[in-house]
Each structure stands twice: as structure tokens, then as C-alpha cells.
């Protein structure tokens, strides 16, 4: 999904940095271009369910965000 936008090494490093629950820092991870990929239903909004699966946009095997991480992302 991010082919041509982010390098595979950058994606792997970012996922490695937030493997542990409650370690996801959206300010360090989020980029404007990512919005259009995360907005899976192309509604122009990113819903909570789309945020929970945010890391899986980068890699299908990545974990879902915790409720706390999702709420922090929404702030």
C-alpha cells in the first residue's frame, strides 16, 4: 500500500519501534500521505476501526493498536 511512498527498511524500522503494546507514537509515525492509505473506505475521514488496524496497512502481520493507542491517535 505504501509502495513508492516509503522504503521497506523505513516501514520495518517504524514497526519495530512500536512492537510493544502502548508504545505507538503517532506523531513520530504519521505522515500526511499516509492519510489517504489509512482511509480504507475513502470517506475522507479515518474511523476508529481504520486506526486500530493502522499498522496492518504497512504489514499484514502487524498487531492491531490497543484502545489506548487508538484514543491517543484520535487526540
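The backbone N, Cα and C atoms fix where each Cβ goes, glycine too.
Under the heading Ca(2+) binding site, Swiss-Prot lists 39, 41, 43, 45, 47, 50. According to Swiss-Prot, the domain 'EF-hand' annotation covers 26-61. Residues or ranges marked as N-acetylalanine in Swiss-Prot: 1.
According to DSSP, the secondary structure content of the domain 'EF-hand' (26-61) in residues is 21 helix, 0 strand, 15 coil. One way to see the shell of the Ca(2+) site is to take the Cβ centroid of 39, 41, 43, 45, 47, 50; the remaining same-chain residues with a Cβ within 8 Å of it are 38, 40, 42, 44, 46.
It is 50 that, of the binding-site residues 41, 47, 50, has its Cβ surrounded by the most other Cβ atoms within 10 Å. Counting every protein chain shown, 9 other Cβ atoms lie within 10 Å of the Cβ of residue 43 (Ca(2+) binding site).
Within the same chain, residues at least 6 positions away in sequence whose Cβ sits under 8 Å from that of residue 39 (Ca(2+) binding site) are 45, 46, 50.
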